[in-house]
Every structure is written in structure tokens, then in C-alpha cells.
């Protein structure tokens, strides 16, 4: 009875073979018959063991141990087969990923962990430059930039005693700004503007150290490729030169104005050069950081790639327009044009002031004429908002990755916020808070455009080969 029970169960399996026939033969089972039917799954082991109590206790224990032993071996072989199948699938995916990576030119070697470390460092450096731009805006709006009348490349300690403060204050009293704007200022007010300018300068030097030390470490570890090393070396040199540009700008404000009726201020050209250089450093760092951590753009189908290509044709010129608008804002700041025509949408009582072309030669009006500079900025800001709005409307009809769609919507929202900040700053006669927020908003909008242009770039040929024609519906 038990023999027929065993045979009927073993017929359902194909893996046991003759391994247990010798043991079963001890109890009179026909081993050959069983081995010919041999098969033993984990489920049938438990079904078979339920019949064993009919045997003698000693025999039952022996058979139990035997079947459990062989059952575990069978389970191991079964799992081994499953693991081989799963591993084969994973290996196929990994091989495909490796092939995709072979089509890319990574900026960082040594794998994903190294790319993550370098990416964090570059994003941190970009954020530091962003904070420098904000601090620079506060320094300008509080008229602190001309409080330090000398400059050293390595920097120096601030005044530590009352005598040191008096010496610095006497230097400032010799400047045109004190004589024509801040005459009668007390020592405490001077300390405030001095500390603002000192913090701005030292924050920039700290950025240089923070950038150089990790750069040296990653170079020594061999993480950075030659292409990335050259790019970062150029950005570091531009950052070092930024200090020289800053002093070149400040020096223009320490010179006597051409007329006694002209308020002393830094050259708008030099201010624009200083701010544009800061923007360029930030954009270079941010783009490079994105390239390190996101070597491939998001793409889940060829249709999305085609949609991203159409967006790119619009995003690139719009990004350039955003940059030009930001630079025009530097000339607004350099000419203090935000404190003129504090009405909107008209400029005073007219749409266009009469004196916009009063300077000779004509080109000077676009950089030095207060009326023209502000009018230019208004026109460029309106054109930027309209262009981003057009990009947003056009993209709604295209197939694209959800990340790209959300990014375009966020850019549209940021553009509307930036225009609102600009109008509010103008109507409020440029308070420090709103003026600083507007300058930070310009760089934030530029950040969105950089991210958008980076996200819609074309994938590598190896990735394109793996994409379906249309994204799968979830």
C-alpha cells in the first residue's frame, strides 16, 4: 500500500532518480520501479511524509531524515535553476546598460559613487556662486561696495580695534561717495557698510578655497577626466579673475565724477561685466554638474525624443533671451535706473520718454541713458515672458517625457513671478528686499532655462536603439 502510494506521488516529479532507491529498498520497496518513476518536488515531500507513520518508528525517522535531506537538495537545485534564470535576465539588462554607457563619454570615471560625489561638489559650488550674486545685490543696494578703498588679492583681517576703524573711516572720507552722498555719516553706520563689503569679498575667497581643495582631491583620486579637468580649470580661472573684475569695478566708483552734479557710482559697463562673469561661472558650474549626474536625458520613447527635439529648437533662443534680459538688468543697476520712472506700464506720463536718444553717439543711449536703459529692460522682460509663454503653449501639444513637461510649466511660473517682482520693485522705489529678490529671481529663471536645455538634449545613439516608438501606457 505504501509502495503504491510512493510510486503514485513520485510519478508527478522528475528529479529524484535513483538517489533514494537504495534507502527505500531497505523497507522492501521496489527500487527499480521507483527510480523509473523518479521525481520529487517539495510539495510531494510533505504529502509523502504524511504516509510514513504507518511504518515502524525507527524506520519512519530514518525515512523522514532521508526524504528531508533529499528534499532540501531538490529545493536547492530548483532555486538554483530559478536564480540562473533571474540572473540571466539581470545580466542581459546590465549588458544593455553597459552597452549604453559605452556610447557615452562620461566626465567622471570610477563609477556611480564617484559621479555622485563630484556632482554634489559641483552643485554646492554653483549654490555658493548663487549666494554670492545675492550678497552682491545686497551690497550694491545698501551702497556698501565703495566702503573699502583698497584691495589685496589674498585679503586681510578686518579692523579689530577702535584705532583701526578710525583709520579705515578716514580713508572712506576721502572718497567721492562720502563727500557727495554720505557726508556726516557716523562710525557705526560706516561699520555696517564696511562689514557688508568685507563679507562679500571674503565669501568669494572662501568659494575659491572650497572649490580648489575638492578639485585637487578628485584629481588625485583619478575621478576627473581630461575634458572635465580642462572645463573646471577654466571656470576656476574665471572665478579667480572675478576678484580682479570686482576691484576694477569698485575702483571706477572711487574716482571723481566728471561733473559735480553727478552722483558717484561704479561704471555700468564694469558692473555689467562683473555680474555677467558671475552668471557665466554659475551657468558653467550648474551645466557641468548636470552633465556629471545626468549623462543621459530622460527619454522613454522615440516619440518623446522627437518632442524634446522640437522643444529644444525653442528653448535655446528663449534661454539666450533670458540671459540678455538679465544682462540688461545689470545696466539698469549700474545706472541706478530703477529709481527713475517708478510707474507702470507707462514711464511717467508717456509710454516712451522723449530723451531716449539724447546721447551721442547713438549707441551710448542703450548703456548709459537712464530712460533708454529702463525702457530696454521693460521691453526685454515683456518679450521674455511672452516667449516663455509661447514655449509653454507649444509644448502642450507635443509628446514628451513628464519631467520635461513639468519643467516647462515651472519655468512659466517662474517667469511670471520674476516679472511681478520687477514691477513691484519699480513701484516701491527699489527697496533692498525686493531688489535683492528680483536679482535672485533672474538667476533662478536662468537656472530653469539651463535645466530645460540640458534635459531636452539628444540621447546617445546607444540609448536611442533601446527606446520603443511610443511610450508604454501604465
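Cβ coordinates are placed from backbone N, Cα and C, and glycine is handled just like the others.
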Have a look at 167-187, 314-334, 335-355 and point to the one annotated transmembrane segment in TrEMBL.
314-334
So if I exclude everything within five residues of the ends of the transmembrane segment (436-456), which remaining residues of that chain have a CB under 8 angstroms from its CBs? That is, six or more out.
130, 133-134, 137-138, 141, 279, 282-283, 286-287, 290-291, 294, 297-298, 308-309, 311-312, 315-316, 318-319, 322-323, 325-326, 329, 333, 403-404, 407-408, 410-411, 414-415, 417-418, 421-422, 425
Which sequence positions outside the transmembrane segment (270-293), separated from its termini by at least 6 residues, show Cβ-Cβ distances below 8 Å to it?
107-108, 115-116, 118-119, 122-123, 125-126, 129-130, 132-133, 136, 140, 228, 231-232, 234-235, 238-239, 241-242, 245-246, 248-249, 252, 323, 326-327, 330-331, 333-334, 443, 446-447, 450-451, 454
Going along the chain, which residues at least six beyond the ends of the transmembrane segment (407-430) come within the CB cut-off of under 8 Å?
141, 311, 338-339, 341-344, 381-382, 384-385, 388-389, 391-392, 395, 437-438, 441-442, 444-445, 448-449, 451-452, 455
